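The region 'Disordered' annotation in Swiss-Prot covers 1-20, 118-167, 181-235. For 181-198, the entry in Swiss-Prot reads compositional bias 'Basic and acidic residues'. The feature phosphoserine is assigned by Swiss-Prot to Ser205, Ser253, Ser257, Ser261, Ser445, Ser447. Sequence annotations record features per position, and here Swiss-Prot assigns compositional bias 'Low complexity' to 225-235. The feature repeat 'TPR 1' is assigned by Swiss-Prot to 326-359. The annotation repeat 'TPR 2' is assigned in Swiss-Prot to 360-393. What Swiss-Prot lists as repeat 'TPR 3' is 395-427. Under the heading repeat 'TPR 5', Swiss-Prot lists 509-541. If you look up Swiss-Prot, you'll see 543-575 marked as repeat 'TPR 6'.
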Amino acid sequence: MYQGHMQKSKEQGYGKLSSDEDLEIIVDQKQGKGSRAADKAVAMVMKEIPREESAEEKPLLTMTSQLVNEQQESRPLLSPSIDDFLCETKSEAIARPVTSNTAVLTTGLDLLDLSEPVSQTQTKAKKSEPSSKTSSLKKKADGSDLISTDAEQRGQPLRVPETSSLDLDIQTQLEKWDDVKFHGDRNTKGHPMAERKSSSSRTGSKELLWSSEHRSQPELSGGKSALNSESASELELVAPTQARLTKEHRWGSALLSRNHSLEEEFERAKAAVESDTEFWDKMQAEWEEMARRNWISENQEAQNQVTISASEKGYYFHTENPFKDWPGAFEEGLKRLKEGDLPVTILFMEAAILQDPGDAEAWQFLGITQAENENEQAAIVALQRCLELQPNNLKALMALAVSYTNTGHQQDACDALKNWIKQNPKYKYLVKSKKGSPGLTRRMSKSPVDSSVLEGVKELYLEAAHQNGDMIDPDLQTGLGVLFHLSGEFNRAIDAFNAALTVRPEDYSLWNRLGATLANGDRSEEAVEAYTRALEIQPGFIRSRYNLGISCINLGAYREAVSNFLTALSLQRKSRNQQQVPHPAISGNIWAALRIALSLMDQPELFQAANLGDLDVLLRAFNLDP
């Protein structure tokens with residue numbers, strides 16, 4: 001059911017109405033019989049657009065709705081806004097303070113009197129004028145309360161208040177209100193408001209009526225209403241025509257339909273977001289399950305197979321490996337690794353594993369090489385398989401901890417570092433003495449590391465370093481550097497890696513880890529020096545070349561960054577061409593970083609070449625050897 005009253009005058013001087021007046025309707029809603037939920041309301045702002053009238057000579061309306069409280073009901077009751085009774089300037093009327101711009105009248109208010117009533121003589125005088133008519137709203141409801149307000153214009157030019165009648169019963173009918181104009185006597189220079197009202201303002205101001213005829217005809221004819229007014233003005237009841245009610249009903253139905261459409265659209269969008277979230281959560285769970293799967297069964301026949309089997313489906317082998325039957329593939333792979341030819345090293349290690357799936361050392365070097373070739377996911381799978389075959393492989397544990405750190409699996413990184421201490425003959429007694437430490441032996445997932453777990457593992461490493469005294473264990477210092485990196489203590493991590501480098505100054509992987517920690521600590525210039533040193537030792541170290549390009553981007557050296565990315569891609573492709581490998585292990589991360597650098601250089605044609613993967617065009621553009 002709808003019930004509403006809309007009348008607002010916007011005056012130039014004294015109360016002059018115009019055709020572009022703003023109408024504000026406060027929508028109040030009630031649920032249940034004989035009660036009203038004052039805490040649920042909908043506010044709507046409606047503005048008339050001048051100079052564009054419809055066929056019925058009604059100004060076109062644009063409407064926007066806003067949810068005042070948390071829930072929007074489907075059948076609102078329209079009630080006038082408290083703002084309609086506010087005066088912009090000083091008034092002699094005694095008004096009650098209003099604390100909200102869109103306050104809602106509650107059933108506890110029997111009367112809202114904002115100004116003194118006008119005199120009866122003035123009302124009758126104005127009533128006699130044909131251009132100024134009064135109107136009323138007749139409510140048909142049983143046992144309903146009635147709220148009436150009157151206002152008078154006095155003193156300085158004011159906004160003209162309105163007289164309204166609210167029926168709080170849910171079974172009500174909205175009927176027509178004509179313009180109710182109250183004119184007060186003026187205190188200065190005797191300017192009556194009736195003389196300042198023009199005929200254009202009377203004809204330009206249009207009424208907007210709302211109706212919701214949901215009751216049967218007997219209810220409409222059998223109801224009674226009372227008009228409780230404390231003003232001296234007389235309200236004339238005007239019965240609306242059936243055609244007008246039908247039109248008003250269409251307007252109300254259109255508003256309800258629009259509200260329902262907005263609600264349905266919101267629900268559809270919400271469902272889509274929830275569906276996307278569930279999809280990615282499921283994908284994440286599947287990826288984690290895949291990473292933990294037993295890749296090779298203990299079946300002896302499966303171990304002797306040379307082809308790719310279902311037991312090895314967690315790691316994606318190259319299907320056209322030219323070295324699949326190469327004798328001594330593992331030794332040849334180690335030779336290529338020393339030369340810095342990472343893509344070919346990967347092919348030889350895969351061939352060695354296909355020849356002997358239980359070769360833990362081949363899995364170890366395959367994982368380490370994949371990480372250096374900027375393929376972290378494949379590295380994690382290979383290192384996990386190595387540890388399944390050889391749980392005390394310390395190099396694999398440390399490399400796995402680094403890969404977990406790079407992929408954001410901080411809890412798993414802590415677990416791997418703790419297992420490194422546990423499997424190390426020199427330090428495993430420390431774990432036994434701290435057997436009660438919480439959370440150190442549980443399987444972890446991709447989430448921010450628990451502070452208690454991280455601190456517990458750091459205590460183990462610090463105690464082990466203290467036991468060593470002046471002797472520096474580079475592997476222990478490397479693990480300590482990773483732990484400090486996880487906790488964001490980059491300066492302490494830098495100290496740990498530098499300590500390890502004092503023992504292994506030619507370890508290019510340590511120089512790369514030092515550079516990454518410097519870069520994460522906002523020391524990109526020093527990081528460039530560390531990466532450069534790593535590349536001097538191992539020119540084919542693709543990961544360090546990629547990291548160097550990232551630091552160049554951070555320093556604003558975009559051309560140098562592009563040059564490093566192209567060099568890394570060229571190394572991967574050159575190795576493939578020499579060995580006639582149709583599908584090289586080229587990292588998508590490098591292409592993504594290359595596109596970022598090219599976009600920062602404002603080179604759209606080169607950016608398009610990067611999108612197409614046209615490496616030759618890019619190499620020629622930067623004068624690099626193919």
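Glycine is no exception: its Cβ is also placed from the backbone N, Cα and C atoms.
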Secondary structure tally of the repeat 'TPR 6' (543-575) (DSSP, helix then strand then coil): 30 helix, 0 strand, 3 coil
Secondary structure composition of the repeat 'TPR 2' (360-393) [DSSP: H/G/I, E/B, coil]: 27 helix, 0 strand, 7 coil
Average pLDDT across the repeat 'TPR 2' (360-393), rounded to a whole number: 94
